[in-house]
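Written out below as structure tokens is the structure these notes cover.
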């Protein structure tokens, strides 16, 4: 029996000699020295497995988390007798009991701000490691209340009443319902994703990136980061607006007194910029010093939000009994700014008579009754109306429909009489309440939507939750239900309680400069003002705390190389660099200085994030991914698609140009990650979508062969590799890229000799080299860039491996239709005879499989992708019709920048009985219909006598072939012949007749290198084959006469080569029909010689054999 002990190497406290000592003690039977708990927890790195003879308790090593050495040893015990069948698997596969034990010990450690807070508190005790407490937050504290705090925000307090006044109760209710429905559908999708397994801290970014892949995850994660950052700017601007307009108006650095129109607006924006920058700096400093202060204040800020909302509801109830006294002064139907006058009347009656008021002095040139006054002031009466008539007043009917204004329009009461002359210019404009911006329905959508964001607050804290899969769906959906109820009820209640002109008064100028929602609150407007100020400050701090951590998470994933620096921070992990970038981006939002302008920007980014959450859920549901098993069951792909459609609709409703910009930013990030990002495999849904789409497309391709119009070269490129598995002919890959112009299928294949079991690692290394070659080609312009697949085949010999590649490459309808292989170099050398035999067999197999064959000769002379031909010709020698390959290939080459400046020439050969003039006309017409620009020339080849040089060259070729047959005996065949001679000359052993093998039979095997062997006569006397390596045989070789068929072929090759050299010696590339090999294999070496003669003297040649089908057509 054997026993396994795992000796783990610690981080540095224990030397190898110590470990060796423990091992020796184990062999001697002593107990190993017990290491400390800290050493056991820190044990990592290499494992030494020692197999001992001892009792029958084998143990397996477990690679699972949170398993200390003692626990691992205890959990690794199993009964060797019962599990003997699985002993071989124990080194790599754990026992089920061990697996379950490891999973039971797994703890989801909290990450994020809580972790940094603990690190700050424990800096002094860093040497003593404390056990991390398990997360204890439940649904209420962990999800519900954080979501409530993040959803309720600045828009509710500063803009909700104005939205109701401008859009009307019905219009605003539609906006609120659409936005709340969008977030509810998104929450349903998010709940499904969040409950599909353990969700580490990281929230929305983690869910999207792991569901849609690194490209979508990075793009949407950065959009969500930008949205959170601009949300911080919006909260800061809201806090400054509360401070400068409602709390301390006199603190303005740029005073507004006495300014009108554009000057007053500019002064207000400058004040916002200065104070916003100061507040941003203060908040960033607080976050930098310690995030624990932000966490401790979170409950205070939450209490402010809840108390403010309760004060509003209490005020609504009070209006039914005793409406508050907030009068509004109206001149004619125009609302007056109630700041510099005390009584809403032109004159008042006193004991001394009629006295003019401060309002009179605002519109008249003197306080006397005979003063010259403004025409409109004289013609209209002053009316005082109640700003908060109460919920039982019936004002709701007047506020049902919206009233939209242009910038600078007067805020007027619609049901009051006004005596005015339309031709008179507006005077004393600063005395009236004016519209500060042009309002329209889609603007209201963009301003309102940020008030429903914040639904991700629960998922962002997933690492701190006791049971995230239960708490996230319940808490998030409950929070959205609560907030949606508050928003929808507030729309109706505001319209039922507040006068229309007060609702449309954005800054409360008509109600003594009070916050409009504050006028409704009980017991005092200051409850809302102070509460909303602190809640907006708290929300801004939360944004400045969360956004840097989100950026740090993206940076640590290394999917965006440019952001790697932001993954670093302080010693405790605080994201210092991310905080700095967040503050800079937030400052750009503050410089905009308008809450109404910033809100649509962050709406875009949040809507895009929510859209992709819905897309992720819909994709996973439709694709039925095996790993898609959410515990939350109340979801459906139709709901997710509806949520996604609503998000997209709201994006363009808010602002179509912001939507386009946001999509462009996300698209740019997507392409950047795709181009330069790190390779990540997260099992994302986009990969599942790609697999489904690929399967569907492949099934469609199987329906039939492609039409001639759709034919394009789908190349199988056969390359050879060196000892380090590097491609030996990189120019072959360059030619592949030039032929295809980046389109169509490419399979780069190579063959290895041996057995698959012994050469598996070598084949994987070769495949990885080709993949790395593709990656490097993207990054470096000097390396040939080929988009395609790679395949390595291992077989007992290269011939069979190449044949397997030819047969098995591709899948379904997506198979190669052409083979690209380089001309065998040095084929005439004696030790390279098998190379050209393999080449000829490849030619035969491509012909049998109806595949086109492209053979570049002198491949090293072909241009790389970085070269450019500024002039020259591509010459096509069209000898026989090959389906149009010779016409199509030059056209494809000229699409590439290397060959773009080259012109195309087509030569064809006319025989004696051909009409060369008519042939030229027909070919020109044919090319015209093919839409190919090329010069045409017909070359006449007259019959001529076969020269003595042809005879001599043929004779030399045949003599060389005959000598090769004698010389190229393989080692096995020599040994076999030695054994035959030994058997025939040894008297003790009987003569064993060899199996007769005639030259014809021997030649039928494609891999056979010797086609003749010894045979015996009937009388048992051995005879030698003709042409054997004897003096008589050599004499026969030099006395032999050339074969007439070979003479004719040599004559044709010489004549054609002479003509081609005469016409195309200066051409950049010559394309030529490749003759077929002989049907019988006895003349294979002569075939290679013929091709050599045919292309002799040409620099770049591409020999082409068609696949037996038309590849080009004149029809559209």
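Quick reminder: no glycine exception, Cβ is built from N, Cα and C everywhere.
Copied over from TrEMBL:
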COMPBIAS  59-76  compositional bias 'Polar residues'
COMPBIAS  985-1000  compositional bias 'Low complexity'
DOMAIN    143-317  domain 'Amino acid permease/ SLC12A'
DOMAIN    425-716  domain 'Amino acid permease/ SLC12A'
DOMAIN    730-855  domain 'SLC12A transporter C-terminal'
DOMAIN    868-1116  domain 'SLC12A transporter C-terminal'
REGION    1-76  region 'Disordered'
REGION    108-131  region 'Disordered'
REGION    981-1008  region 'Disordered'
TRANSMEM  216-248  transmembrane segment
TRANSMEM  274-291  transmembrane segment
TRANSMEM  298-317  transmembrane segment
TRANSMEM  432-456  transmembrane segment
TRANSMEM  477-503  transmembrane segment
TRANSMEM  601-622  transmembrane segment
TRANSMEM  634-659  transmembrane segment
Within-chain partners of the transmembrane segment (274-291) [C-beta distance under 8 Å, separation at least 6 from its ends]: 113, 116-117, 120, 232-233, 236-237, 239-240, 243-244, 251, 253-254, 537, 540-541, 544-545, 548, 574, 576, 579, 582-583, 586-587, 590, 593
Remote residues contacting the transmembrane segment (432-456) - C-beta distance under 8 A, at least 6 residues beyond either end: 147, 149-156, 159-160, 163, 166-167, 171-172, 175-176, 178-180, 182-183, 186-187, 190, 203-204, 224, 227, 231, 234, 265, 331, 334-337, 402, 404-411, 476, 479-480, 483-484, 487, 501, 504-507, 509-510, 596, 599-600, 602-603, 606-607, 609, 650, 653-655, 658
Taken over the domain 'Amino acid permease/ SLC12A' (143-317), the model's mean pLDDT: 87
The domain 'SLC12A transporter C-terminal' (730-855), counted residue by residue under DSSP: helix, strand, coil: 65 helix, 25 strand, 36 coil
